[in-house]
Amino acid sequence: MTKLSAFNFQKWIDEHKHLLKPPVGNQLVFKDADLMVTVVGGPNKRTDYHDDPVEEFFYQLKGDMLLKLHDTSTGEFYDVPIREGDIFLLPAHIRHSPQRPQEGSIGLVIEPARPEGVLDAVEWYCFECSGLVHRAEVDLESIVDDLPPLYAAFYNDEKLRTCPHCNTVHPGKNPPEGWVAL
């Protein structure tokens, strides 16, 4: 067994800061662990909602973020600001869209590995009628590798972006002006 040791987390963040900006935006701290410990940097813009089959722990280290939530049992969309120094535990299967509009913001997200055969999903909702436009599921092993192809497929296909309820075409990557307000 390899000898275990601690490391300075702030130094790790400083050494990986160049990866905490678009287009990558996040980095796994531990590659071979049962916990996915991810550092996420801002700014980011996203229009999808993640349906995560496990809990997610958020700790906002620097700057503020906004967690957009969708309660599928009531249809309600609402925002939870997570300020610098705040923590938040998101239950499994709560649709959420993490927004980090501030340049240089940094958050820590911790979640358990998925049980075998359990899928993650990303969903896009219509900005006009709030109906579900598209859902894509994935057997998630790597946030960095497995999610980008789902986004690319949606963004590059107008048919996938067309709302089946009102025929409005979803804007893809770019949310409407004012969608994120801290």
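Keep in mind that glycine also has a Cβ here, set from the backbone N, Cα and C atoms.
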Site co-member for Fe cation 1 according to Swiss-Prot, given H50, E56, out of H93, H96, H134, H165:
H96
Near C166 (Fe cation 2 binding site), which residues of its chain come within a Cβ-Cβ distance under 8 Å, counting only those 6 or more away in sequence?
C126, E128, C129, G131
Sort the binding-site residues E56, R100, E111 by C-alpha distance from R46 (O2 binding site) and give me just the closest.
R100
To see if you understand the setup: which same-chain residues, six or more apart in sequence, place their Cβ under 8 Å from that of R100 (substrate binding site)?
V40, G41, G42, P43, N44, G63, M65, L66, G107
